[in-house]
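Chemist: I'd like to ask you about the structure that follows.
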Amino acid sequence: MRIGHGFDVHAFGGTGPIILGGVRIPYEQGLLAHSDGDVALHALTDALLGAAALGDIGKLFPDTDPAFKGADSRELLREAWRRIQAKGYTLGNVDVTIIAQAPKMAPHIPQMRVFIAEDLGCHMDQVNVKATTTEKLGFTGRGEGIACEAVALLMKAGA
């Protein structure tokens, strides 16, 4: 078994909506990013890549490459997952924690889980997404942006 951890953060800026877990969430501000700014999928992709010892999302999809400008993070996740599977890994489970004062995430979490399960070709019971605040403390608590942490468990196929 291999465990990976991922983290991402983006500042608010511009106009909404924001995209988290592949879900478009209405909000007055967007997230500043080279791609679509989906911190949930970026953290998850990093966790998966880390567990497989394949580096990180910035190595695979550099923000200096114009090809990834405005990129759909679901596509990035699917490509990373293809590479991980090519190394002989299967998914145990993933757990994603979104850290934001606003907007409220609860109404959107079920669809995030659906999208992640679709993108990883796994069962819903292998995907958990939750959200928390920092009780108005720090960067996210002041409403300056959104952060996310994710962990992933991989297993060698047939092991």
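Glycine is treated like the rest: Cβ placed from N, Cα and C.
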Chemist: Given that Swiss-Prot assigns D8, H10 to the divalent metal cation site, pick the one from H34, H42 that the record assigns to that site as well.
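Modeler: As annotated by Swiss-Prot, D8, H10 share the divalent metal cation site with H42, chosen from H34, H42.
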Chemist: Quick check for the class: what is the C-alpha distance, in angstrom and rounded, between T132 (4-CDP-2-C-methyl-D-erythritol 2-phosphate binding site) and D8 (divalent metal cation binding site)?
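Modeler: With distance taken Cα to Cα, D8 (divalent metal cation binding site) is 15 Å from T132 (4-CDP-2-C-methyl-D-erythritol 2-phosphate binding site).
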Chemist: Rounded to a whole number, how many Å is the Cα of H42 (divalent metal cation binding site) away from the Cα of S35 (4-CDP-2-C-methyl-D-erythritol 2-phosphate binding site)?
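Modeler: Checking the Cα atoms of H42 (divalent metal cation binding site) and S35 (4-CDP-2-C-methyl-D-erythritol 2-phosphate binding site) gives a distance of 10 Å.
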Chemist: Radius 10 Å, atoms counted are CB only; among the binding-site residues F61, F139, which position scores highest?
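Modeler: That would be F61, with the most Cβ atoms nearby.
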Chemist: Give me the count of other Cβ atoms within 10 A of the Cβ belonging to D65 (4-CDP-2-C-methyl-D-erythritol 2-phosphate binding site).
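Modeler: Within a 10 Å radius of the Cβ of D65 (4-CDP-2-C-methyl-D-erythritol 2-phosphate binding site) lie 10 other Cβ atoms.
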